[in-house]
Amino acid sequence: MHVPTNSNTPPSPLKLLKRMEAMFCWFAFVVMCWSSARAQGGLSSGFYSSTCPQAEATVRSTVETYFNRDPTIAAGLLRLHFHDCFVQGCDGSVLISGASAERAALPNQGLRGFEVIDDAKAKIEASCPGVVSCADILALAARDAVDLTGGRSWSVPTGRRDGRVSSSSDATTLPSPADSIAVQRQKFSDKGLDDHDLVTLVGAHTIGQTDCLFFRYRLYNFTATSNPDPSIDQDFLVQLQSMCPAKGDPSRRVALDPGSPTRFDVGFFKNVRDGKGVLESDQRLWGDPVTQKTVQNYAGTFRGLLGLRFDFEFAKAMVKMGGVGVKTGAQGEIRRVCSRFN
C-alpha cells in the first residue's frame, strides 16, 4: 500500500550531506574547467590538439601499462614531476642523465619512473617528431598517475618547452624530510606557492614511500636525545621500529600512508592529525597553526566533504605548481630523447 509522504518533513543529516557533496562536485567541476581553460604562464589546455592530437592519449596508455604491472610507479611519476618543478622550473631538467646532472643529486637518488617517460616520448616521437616536450609528458603522466590511483583527474595546461640546463648543485631548493615548517614555507614561497599549496601538495604522500634512512633518527635518537620524537603516536612508534630496526637496512621502503598506500585519499592527513606522520616534515604540519587548519579541513569527514575538498584542491595546486618557471615560445627546446639535450 502506498503511504503518502509529508513534503514538509526536513531531510535527514545524511541526505543533507549527500546534497552538499553533489553541489560541491558540480561547483568544483565548473571552476576547474574554467581555471584550466585559462592560460597558465603561457600554457593552455589542448595545446597539441592540432599538432599532435594523440599525445595525451599516448601518455595515458603508457602510464596505464606500467601501472598495471606495478601500481607503486604512480607515486614515482608524481614525485618526478614535483622534483622537476622545484629545480629550474617545470622544464624536464630532472630527466637529463649524467654524473653532474640534476638527476644525480642526493635528494633525487630515489626517483623512479624515468623509463615510463622515455617510453611515452619514443611513441609520440614516432608519430609527431619534435612537437611534444618531455616536460609536458611529465606533467601529463603525473595527472594520470593520480587518476589511476583513485584521485581526481584534471585538464593539464601544456606548451612547456624543455630546458637546456641540468645541474646537481641546483637541487638544494628541494624540500627535505627534516625541514622545519619555516624552511618548507620559504622553499614553497620561493616558487610562488603559499601555505595552502604546501599542505595540499605534500598530500601526494598519500601514495608515496620512503626509505628508513630518511626518518629512522626520529625513532631512536631524535635531536640527539637518545629518545624518539615525542610527537609520534606510541603504537605507531612500535610499528615503525619493527619495520626499521636501529641497525637494520636503511634502504627498506615504508609507506607514507600505511593504511592505504596505493589509494589517493585523505588517509595521509588523518595520519598526520593522529601523530602518525612518517617523515618529520610531514608531522610538523600539525604543529603549525596555519598548516594544521588545512590538515584538519582535509582530514575531517564533514569539512573535508569525504575527501572531495582535497581532490579538488590538489588538482588546483598541481596546475599552479605546473606553471612554475616554465619555458615557452622560443625558450628552451623540444628534446628528441628526454634523457639528453638535443
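From the backbone N, Cα and C atoms, a Cβ is placed for every residue, glycine too.
In TrEMBL, Cys338 is paired through a disulphide bond with Cys134, chosen from Cys128, Cys134, Cys212. The disulfide bond recorded by TrEMBL for Cys52 joins it to Cys128 [selected from Cys85, Cys90, Cys128].
Among the recorded positions listed (His83, Asp84, Gly89), His83 has its Cα nearest to the Cα of Cys244 (disulfide bond). Mean pLDDT for the domain 'Plant heme peroxidase family profile' (42-342) in this predicted model: 96. Note: the Cα of Ser93 (Ca(2+) 1 binding site) and the Cα of Cys212 (disulfide bond) are spaced 28 Å from each other. The shortest Cα-Cα distance between Cys52 (disulfide bond) and any of the binding-site residues Val87, Asp91, Glu102 is the one to Asp91.
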